[in-house]
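> I'd like to ask you about the structure that follows.
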Amino acid sequence: NLNPVLRSVLEINPHARVQAEEADRQRRSNSHHPRSFSHGVPMLLKDTIATDDKMNTTAGSYALLGSVVGQDAGVVEKLMNVGAVILGKASLTEWYSFRALAKIPNGWCARGGQAQLLQDPCGSSSGSAISMAANMVTVSLGSETHGSILCPADYNSVVRLKPTVGLTSRAGVVPISSRQDTIGTVADAVNLLDAIVGFDPGDSEATSEAAQFIPDGGYKQFLNEDGIIGKDWGLLDIHFWTP
């Protein structure tokens, strides 16, 4: 109902219902590995994150429509291993805007048209952030080279987490810069981060170094329900750019 207006989702996974039903069956039977936060949770992936299924991975461009990927991206494989439901592919600024720098409107791609909620959606993970803000999905994955997670989340008022380069695998994700690219989240950040961090042989140089610093027991253990008590808060009245 919302997508014809928002244009933030490019396609829905035809296997999503099957994945969800299997997750429900596992929950009822308790026959699977211990449930993770991600078990049975529907998630959107930015359309640069490869999935070895019936969906396309096109960076928003018709040039890659119908192309076949060799395997799931490293982060997708981790999500599937913990029972996540891949709902579909989120729109983005086509080719991360690198098709024609500063000449493509933020949130525009050939496949989906102009994705927009109330204003300029900012960086290239626009569809991921818009879909979250409109409550079309509870969790989504984006990617960032230079502001493409932070800025759309800022403009659309959703939680985001940009991991250190190498903490999450870039294998199977359309690249720009090996020194800057990272795959991050725009909701339920710590729980989803725990699911996708770690070594991946497909991106071994970066992930082998970063994996050494992942704490035993993951990141969720550091959440503190009372962490904001006694803190002072301020509100910025202007947007600032964070590379």
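Any Cβ shown, glycine's included, is placed from N, Cα and C.
Note that this is a predicted model, so its numbers are computed, not measured.
Below, the features straight out of TrEMBL:
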DOMAIN    3-208  domain 'Amidase'
REGION    17-39  region 'Disordered'
COMPBIAS  18-27  compositional bias 'Basic and acidic residues'
> Where else in the chain does the compositional bias 'Basic and acidic residues' (18-27) make close Cβ contacts, counting only residues six or more beyond its ends and a cut-off under 8 Å?
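Beyond its ends, the compositional bias 'Basic and acidic residues' (18-27) has Cβ neighbours at 35, 39-40, 42, 83, 85-86.
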> I'd like to know the mean pLDDT over the domain 'Amidase' (3-208).
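Over the domain 'Amidase' (3-208), the predicted model scores a mean pLDDT of 91.
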> Reported in the order helix, strand, coil, what are the DSSP residue counts of the compositional bias 'Basic and acidic residues' (18-27)?
10 helix, 0 strand, 0 coil
